[in-house]
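Visitor: Below is one structure. I have some questions about it.
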Amino acid sequence: MVTIRADEISNIIRERIEQYNREVKIVNTGTVLQVGDGIARIHGLDEVMAGELVEFEEGTIGIAPNSESNNVGVVLMGDGLMIQEGSSVKATGRIAQIPVSEAYLGRVINALAKPIDGRGEISASESRLIESPAPGIISRRSVYEPLQTGLIAIDSMIPIGRGQRELIIGDRQTGKTAVATDTILNQKGQNVICVYVAIGQKASSVAQVVTTFQERGAMEYTIVVAETADSPATLQYLAPYTGAALAEYFMYRERHTLIIYDDPSKQAQAYRQMSLLLRRPPGREAYPGDVFYLHSRLLERAAKSSSRLGEGSMTALPIVETQSGDVSAYIPTNVISITDGQIFLSADLFNAGIRPAINVGISVSRVGSAAQIKAMKQVAGKSKLELAQFAELEAFAQFASDLDKATQNQLARGQRLRELLKQSQSAPFTVEEQIVTIYTGANGYLDLLEIGQVKKFLVQLRTHLRTNKPQFQEIICSTRTFTEQAEALLKEAIQEQIELFLLQEQA
């Protein structure tokens, strides 16, 4: 027979009384009414904040952008296949945020900052809100430092400065992503952190970009944020904000960053899908009324910080695809009005073999020569005007049978100027090489050569200068000015190379 020991029972009761915690935990919960198409309708969650994260019973996380009188609309960050009608949901009390640290450099992550490159977890001690406010007027200063892309056509005529927002716009397959990736490759050794955000792209295209970065040693200073075409609309919508949060982390640490959004029109489509499923009223092209705010709050985060904040910068290059060159569509006009200029890529130029296919006539940088070193301003000042005049003259010359000598000379000069702007992909030029190239063309030294010889001659000239006149590069690097001494050295090198080149061609 079991004996009951009263002292043991009383000890257990005393222990339990001592351990008793009267703390009351309040949890804001709700019940799933309906789920499907990446959207859930929740009854309850009375005190949920706009944009608050909510957690479902089986672990899926969602964001609550819609609060209606009798339910809350939640967009799911996942497929939500295990969520059932009637299951419980609890509010987390947190707004969407991601971990941030230096360890993200060289990694490929998704919109939730989780690694997707199979190289293990990323350690981070800090976190940032995915949507944080843009710097105010006092926190900024005007753009004055150049961000070199390595592309002659851009750096000489449509210069981009650190802290600027420059749109890259054009039809599909015109080399928009190539311009952006070349700009990242050119940041090697420039102490610039790069973030490439792929929104709704094919997984194979993203893999190709990552492979290029790895082969060229660019991944060591680059973070790739990828949400491919098969990702849920919520994650495609969040990806650019995740990229911006990572770039801001470095900007506020007095570093220079470059962020590429490829492309915001896919983000707008994902946002349209979410909004229509949440039954928000549609507007133009079925986009919701706040689609302008979607992009403006993203692009306004790019800035050049004031001296008080350490002069860090975040330069944004959004890429927008047009349909048949129509830049007056809804999303292109929105982004054009937000950015500080646009680089327009033309399908006609691309098909004519002019690559990068930049239409210099209608491309513009609203920062202008403030984002160029003095040497580049001195050499490339008139190039854009000359090319625009040439394009006009070329169109006119098609209908004229006999042209005077001056017009023929201007056409010949323009053709050679256009030729020197051609560049192979993933082959960026240094500023010194660009100055050499433009000076040679703008001052008529290429007029002696046939158009087919221009590229070959310029390659040899740049090599000749590098090996035989290293002082030229030293002068440009140290003074950032095209001095008389530099000009004399360059003229001498051009004369030597022209004589040698013509002899080689005759032989």
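Placement of Cβ uses the backbone N, Cα and C atoms for every residue, glycine included.
Feature table excerpt (Swiss-Prot):
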type	residues	note
BINDING	Gly170, Asp171, Arg172, Gln173, Thr174, Gly175, Lys176, Thr177	ATP binding site
SITE	Ser363	site 'Required for activity'
Visitor: Using a 10 Å cut-off, grab the number of neighbouring Cβ atoms around the Cβ of Asp171 (ATP binding site), all chains included.
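Guide: The answer is 18 other Cβ atoms.
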Visitor: When DSSP states are folded down to helix, strand and coil, where does Gly170 (ATP binding site) land?
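Guide: DSSP assigns Gly170 (ATP binding site) to strand.
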Visitor: Give me the long-range Cβ neighbours of Gln173 (ATP binding site): same chain, 6+ apart, Cβ under 8 Å, in sequence order.
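Guide: In sequence order, the residues whose Cβ lies under 8 Å from that of Gln173 (ATP binding site) (at least 6 apart) are Ala347, Phe350.
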Visitor: Here are some recorded positions: Thr174, Thr177, Ser363. Which one has the most Cβ atoms within 10 Å of its Cβ?
Guide: Thr174
Visitor: Tell me which of the binding-site residues Arg172, Lys176 sits in the most Cβ-dense spot, judged by other Cβ atoms within 10 Å.
Guide: Lys176
Visitor: Which residues, same chain and not among Gly170, Asp171, Arg172, Gln173, Thr174, Gly175, Lys176, Thr177, have a CB within 8 angstroms of the centroid of the CB atoms at the recorded ATP site?
Guide: Glu321, Leu345, Ala347, Phe350, Ala357
Visitor: Measuring Cα to Cα, tell me the gap between Thr177 (ATP binding site) and Ser363 (site 'Required for activity') in whole angstrom.
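Guide: Checking the Cα atoms of Thr177 (ATP binding site) and Ser363 (site 'Required for activity') gives a distance of 17 Å.
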Visitor: Within 10 Å of each Cβ, count the other Cβ atoms, then let me know which of the binding-site residues Gly170, Gly175 comes out lowest.
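Guide: Result for the binding-site residues Gly170, Gly175: minimum number of other Cβ atoms within 10 Å at Gly175.
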Visitor: What whole-number Å value do you get for the CA-CA distance of Arg172 (ATP binding site) and Ser363 (site 'Required for activity')?
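Guide: Each residue's Cα considered, Arg172 (ATP binding site) and Ser363 (site 'Required for activity') end up 17 Å apart.
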Visitor: Please report the distance from the Cα of Asp171 (ATP binding site) to the Cα of Ser363 (site 'Required for activity'), rounded to the nearest angstrom.
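Guide: Taking the Cα atoms only, Asp171 (ATP binding site) lies 15 Å from Ser363 (site 'Required for activity').
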Visitor: Please state whether DSSP places Lys176 (ATP binding site) in a helix, a strand or coil.
Guide: helix
Visitor: Spatially speaking, which of the binding-site residues Gly170, Thr174, Lys176 is closest to Ser363 (site 'Required for activity')? Use C-alpha to C-alpha, please.
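Guide: Of the binding-site residues Gly170, Thr174, Lys176, Gly170 has its Cα closest to that of Ser363 (site 'Required for activity').
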